[in-house]
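> Sharing a structure here in structure tokens format.
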Amino acid sequence: MSIVVRLDHLTKQYLKAPRPAVSNMSFEIPEGAVFGLLGPNGAGKSTTVMMLCGLMRPDSGTVSVLGLDMQEHGAEVRKKIGVAPQEIALFPTLTAHENLVYFGRMYGLKKDEIKRQIEKYLSVFNLREKAHKQVGTFSGGMKKRLNLIAALLHQPRLVILDEPTAGVDVQSRNMILDFLTDLKAEGTSIIYSSHVLEEAERICTHLGIIDEGTVLQTGTRGHVMAQHPDCQNLEQLFLKLTGKNIRD
Amino acid sequence: MKILSTLYKEFLLLARDPGGMALIFIMPLALVVVMALVQDAPFRDYQEIKLEVLFVDADADSLSAKIKQAFAASPNVSLVMEKDSIVAKKRVQAGDFKAAIIIPQNTSAALRNKTRQLITTVFADFGLPAQADSTPLPGVDLKILFDPAIKANYKQSLSGAVEKIIANVQTAWVLDELQSQLGEGKPAPPKRDFKLTEIVRVSTQYASENKFQGLMLNSVQHNVPAWTMFAMFFILYPLAGNFIKEREEGSMLRLRLISGSQFPVIAGKFSFYFLVCLTQFVMMIAVGIFVMPWLGLSKLALGGDALNIFITACAVAMAATGYGVLIGVYFKTAQQALSFGSVSVVILSAIGGVWVPVYVMPEILQSLSRFSPMSWGLESFNDLFLRQASIGVILPNVLKLVAFALVTLLASVVIHKSRTVV
């Protein structure tokens, strides 16, 4: 199985920060995996995701995505990955359809392909009837679903999702998780950054638990759980590794 | 295609933003109309205003008759008769009248005597038969009272006009006296009426082409292009605001994640707002041509070649849009961008001659105005509208505007890219 993401001794420290946000972090993600990037607040998840997407340059270490070094081939890599950021990265006064057409064109897709992809995903995410309504009028769940569609239009080989179910209702969350399971079945690799451990338990094949910028445990879900036989579930394992102190 | 898509997206965003539409299209139109109306009087500089001036004629002789006769023909001054000089002073003090001309008793006689004494003294100096009287005669004391609130140039004009009338009267009387002295003891020659004002005729005209004669800087000619440029530069408000809003809302983040979208995003925004600026230009010029006369102001005259006007408008639109993009890219919050942006536009417009023409500014501001893109634009429009300049004349300013646009755009792309991706 080939490797889609390789982080090698990655370090990033923000200006005036007392310690690095990410410190000497290394892990690999095999193709076709759903990799749960888990950690408490301030663990370094967002910084890691930013470096994975090429939005931030590491102080040291390398990021390799789909076999290409991110620093050298960032533009090429971004054509092959889809990112659904935690915030709703859409234009609220455009309709769902207008948003998707615009992002499709910016991805460089052809008109027919955009049309086909939009129809497909609006149906999958049950947004067809709302296609011509302005996004600003959507509920939180609808916005999150549309946000996810915008990351998938160009059929990326790797999808990076940052808290894709934060603030959505149970139905929308269930729909998103079902979809991600299907997407994985089609062979797409997924990086899933979340706080919701039961979701990670449900869809992730691989886990990376991080805290204070370092990797505490990584590997397949079975392998990680097997390392801690005293933990009944992922939540117990997470608390065991990261502690019970409140993080703000 | 990506640029066109961004352009269309910007169109949809603006079309669904009534506040932005009002800011871009309605406010500038209101601004240009109000400013042209407000500045109409100062620009006319009292030339077309008929001012009433009190006239106290205690002389009731030929000099006061000449003054009345001269002002009766003036389109700018109308004399209002007043008998009492104390009352006249009080009325001017109260601001009821801007000025009062007081001709004391026997002024004509005194002037005539002075003239006669002058001629006889000259004759005596040359040994000609004349009885020179060396007794000092009292001076002629004609008064003009001014309201302290009067404009300096009006005060100067009125004094000048009175002095000119007196000088003419005195010259006529000198000639009369000469004729009289030289003809003493001989049969009186026929009285000649010398047309003094026809000896040297001064004709004034503007150095413009014949068909644009009479076209000069007035409130409309100044305010329409000036405030049009101000509005075009104020495009930074919606443009930078939109840029930062997209960044805050997250849509810019997605675009940053799409490979090869950085240039099209900036180019698309630039193209759209460039077109908006040109639309503003056309609308405001149309207001100058069609609405201003309807409001009782002069009609905007486009003296220059249409292509040259279009080239200048494009250069101003490019500079304004480039500046807006730079502000939007550079500042991180809307508050910073919009505060800095709007204040900087006001400063650039002030030193650029939008509020008042550059030539009436202090020297230091006139020097600073050379660095304002609005000054480059306004100079070009004045060259075109009033002086019917050729492309060669406006080219330096047009090139400065284009260079300004390119520098701001290049800086925007560099800053945007440096903050965007690995």
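Every residue number used here counts from 1 along the chain in the order it is shown.
Using N, Cα and C of the backbone, Cβ positions are placed for all residues, glycine too.
Quick paste from TrEMBL:
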DOMAIN    B:23-413  domain 'ABC-2 type transporter transmembrane'
TRANSMEM  B:21-38  transmembrane segment
TRANSMEM  B:224-244  transmembrane segment
TRANSMEM  B:272-295  transmembrane segment
TRANSMEM  B:307-331  transmembrane segment
TRANSMEM  B:338-360  transmembrane segment
TRANSMEM  B:394-415  transmembrane segment
> State, in range form, which of B:21-38, B:224-244, B:272-295, B:307-331 has the highest count of Cβ pairs under 8 Å to the transmembrane segment (B:394-415).
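The stretch with the most close Cβ contacts to the transmembrane segment (B:394-415) is B:307-331.
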> Counting a contact as 3 or more Cβ pairs under 8 Å, with residues at least 6 apart in sequence, do the transmembrane segment (B:21-38) and the transmembrane segment (B:272-295) touch?
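Yes, these stretches are in contact.
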> Can you name the far-off residues of the same chain, 6+ from the ends of the transmembrane segment (B:307-331), with a Cβ under 8 Å from a Cβ of it?
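Those are 229, 232-233, 235-237, 239-244, 266, 269-270, 273-274, 277-278, 281, 337, 340-341, 344, 373, 376-377, 380-381, 384, 389-391, 394, 397-398, 401-402, 404-409, 411-412, 415-416, in sequence order.
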